[in-house]
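For reference, the structure discussed in these notes is given below.
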Amino acid sequence: MTAIASIWAREILDSRGNPTVEVEVTLDSGYIGRAAVPSGASTGTREALELRDGDKQRYNGKGVLKVVEAVNGPISEAVIGIDALRQVQVDNTLIDLDGTDNKSKLGANAILGVSLATARAAAEAVGLPLYQYIGGTNAKVLPVPLMNVINGGAHAPNNLDIQEFMIMPVGAETFRDALRMGAEIFHTLKTILSADGHVTSVGDEGGFAPHLKSHDEAFQYLVKAIEEAGYNPGSEVMLAIDVAASEFYKDKRYFLTEYKTPLNSEEMIEWLKGFTSRYPLISIEDGLAENDWDGWRELTVELGNDIQLVGDDIFVTNPIMLSQGVEEGIGNSILIKVNQIGTLTETLDTIELAKQSAYTTIVSHRSGETEDSFIADLAVGINAGQIKTGSLSRSDRLAKYNQLLRIEEELEDSAIYYGPVFSESNHSCCDHT
């Protein structure tokens, strides 16, 4: 009754108005699972390959009709008849059918859509919420949201090199309260920016994208917004950034707009250390470029005992890359993006390796998103403790937050908000008040 009976893909649009693929998996019992695939703007070079049509006469070459054809043709033929409860078998069939290291034959967007839709259909068939299907009865930790309220870099047309400035409402007792705190700070920040004459248009992920004098000014605005919203920076609300340093790394140098000459790795580390000394900054993602492994090692030596150092582009949700990073002392945390690796099984393998290696895990969206809220269930399913899914505007971001509200409500008294745990384990880093 849980065998896959049919698979159907269609081309839909993501939050940037670009095509992406949506897949429906129907079981012989009639249960249906649907999943839409996200897309990134700043991508790691080792990510599984997202295929596009390349036809400039249609969607400026970004169509995904070839991906749709792959799903409705060879992928469908290979997977129909497999029991949807056998997620590993489904995913391995997809991996073998593609036959490449980076899923470049069929496309990670084709494979991922089928993988996630299968999990959803299976959860429906056995009558479990998706997070519980993924993680069992132990799935009950609601994640701390890393809310991207100021956008820069590849996510916004302004002069900030750092791609994301985020707030983390660790002082809340529940996820519902954390979301409220974030929303209050977000709206306070808007009022402050507007009063100072800044445009309050938003970037890809729903955060503001002002032209500021410096990165320090961005941090200062965040601290001011937290305080004026009635919260304590450092104890109730911590800060996080995604530097996305690979975006401005060239010839082993970092080209920052606020410096006339590029920085080497050591200078870049000192630049980042300055922020940690001046502000309640607890988490730095992609502080150095994905190919600057020597620099990453030094960064980890300098800051790894004090704050969270998150690898995104350097690890790309790949267990092989993470294993190498663990061996070489690179970072202490990994960002989890399902479309970087391409199947749910490989994603879960990477998460398991991270936990065995005492690395923290942050489940993440992409800048090109849809209303699909799979990652909210994934974050609870694996007890990740942290989720990064944008700001407090744009319904493609809020879809994930709203799903987490539903999950917390469903779990009732067994729900555990991770904020106090995170705060306790990092209490010594952020005393700047």
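Yeah, the Cβs are placed from backbone N, Cα and C, and that goes for glycine too.
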Per Swiss-Prot: Mg(2+) is bound by Asp242, Asp312, and from Glu205, Glu270, Glu285, Glu346 the site also lists Glu285
Same-site residue for (2R)-2-phosphoglycerate (record: Swiss-Prot; known: Gln163, Lys337, Arg366, Ser367; options: Lys140, Lys388):
Lys388
Counting other CB atoms within 10 A of each CB, which of the binding-site residues Gln163, Ser367 comes out lowest?
Ser367
If you draw a 10 Å sphere on the Cβ of Asp242 (Mg(2+) binding site), how many other Cβ atoms land inside?
29
Pop the Cα-Cα gap between Gln163 ((2R)-2-phosphoglycerate binding site) and Asp242 (Mg(2+) binding site) into the table, whole Å please.
6
Within 10 angstroms of the C-beta of Arg366 ((2R)-2-phosphoglycerate binding site), the count of other C-beta atoms across all shown chains comes to 26
C-beta crowding around Lys337 (active site, proton acceptor), within 10 angstroms:
24
